[in-house]
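Copied from TrEMBL, the annotated features are:
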REGION    1-62  region 'Disordered'
COMPBIAS  1-15  compositional bias 'Basic and acidic residues'
COMPBIAS  34-45  compositional bias 'Polar residues'
COMPBIAS  53-62  compositional bias 'Polar residues'
DOMAIN    65-467  domain 'Amino acid transporter transmembrane'
TRANSMEM  71-91  transmembrane segment
TRANSMEM  97-118  transmembrane segment
TRANSMEM  159-178  transmembrane segment
TRANSMEM  198-215  transmembrane segment
TRANSMEM  227-244  transmembrane segment
TRANSMEM  264-283  transmembrane segment
TRANSMEM  295-318  transmembrane segment
TRANSMEM  338-361  transmembrane segment
TRANSMEM  382-402  transmembrane segment
TRANSMEM  408-428  transmembrane segment
TRANSMEM  449-467  transmembrane segment
């Protein structure tokens, strides 16, 4: 696909050959670049899982470094995160066949919104001659260069994006503490009759996290990220071995779930598939950026592979375990087989490693702002480390209060994921083409309104349902983390 061809999912041209971004976080996409302290950033949903602050004004003289294959690998490892392990319980909430179809529809809309962001990034970069922008900066510049009536809201718009990014990343960290603690508890329970309560394990995990997050050099975390990806691949292969062993008949599972549970399904799907924050930094790093978009470009290919894996784990996971499906499919694996125990350990170690990488994003958004509050050398030297300790303790406290993986995932996906993936991209497109020299068709406006309404519906119902179910666990006394 050439630079002047149009995107298949958007009525505007593909992004130009913009260049460099400073280092991706969770996946350490650019190990050779220094990390930036600019206060912008984004995530992967899904989960997926993260995107990092980068410069919003690099020049076009910078040269991309990744090939299409390397970019595809980064996209896959960025989008296939902890959300895939919750697909079975998501299918339980939506029903076997309804979930299969609904997840595909949501995925198509999410991918379209990624193309929307790419198209707006291109158009804005043409207006203001800024080569590299992140999600928050695109939001800000779309307002700045749009209609006069909305220009005064540009800073607020960027802050909204960053707020949702921070909520998403810290939410991931809460889920990770619960996941790691429960996984190790299951393994130890098999060998020890009187194993401690899960909250004891969570406390131990949090203490280890306090030490781990003191590694402030992103490059030092890159080898850990690579090791975690290897563990994920091995773990997924072993999960499929288990799922396809004595699998029940399709007729044993309901085609659709309870209507009241569908908002939870929506939040869990969005949590898993929300990878829009990876789009711009990955494209900016490519040597041949025209290969990122298009019907057979890196973005669509990576998303197709991701959706197929999500569909397979969700479909066969729910088919295998039915109403017993837990917040992570690893918690369903029988401990009487050695490879099932290995899966639990592999993913527990992998997710523990991912905590430090996910944690980097909100710290790099918030700390530079706090750092400006004082010129004290001691404050600058010790302040960030103390701040990191405080934020770990906050995520630990939330995990203790709500030790339910499925409910945390649904809440994060519905509240922050739906906003980042479905609500904000249409707003950006409308703002981008609202200027005096721009034209936008009524069809594009109508399409964006429909997507925003879907996002708002999922945001409201998913957030409400998640909070309601979390509250019910407290009222029933079942807040010890059984799911």
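Using the three backbone atoms N, Cα and C, a Cβ is placed for every residue, glycine included.
The stretch in closest packing with the transmembrane segment (382-402), judged by the count of Cβ pairs under 8 Å and taken from 97-118, 159-178, 264-283, 449-467, is 159-178. When Cβ-Cβ distances under 8 Å to the transmembrane segment (338-361) are tallied for each of 97-118, 159-178, 295-318, 449-467, the top count falls to 159-178.
Highest Cβ contact count with the transmembrane segment (295-318) among the listed stretches 97-118, 198-215, 408-428 falls to 97-118 (criterion: pairs under 8 Å).
Comparison of 159-178, 198-215, 408-428, 449-467 by number of C-beta pairs under 8 angstroms to the transmembrane segment (97-118) places 408-428 first.
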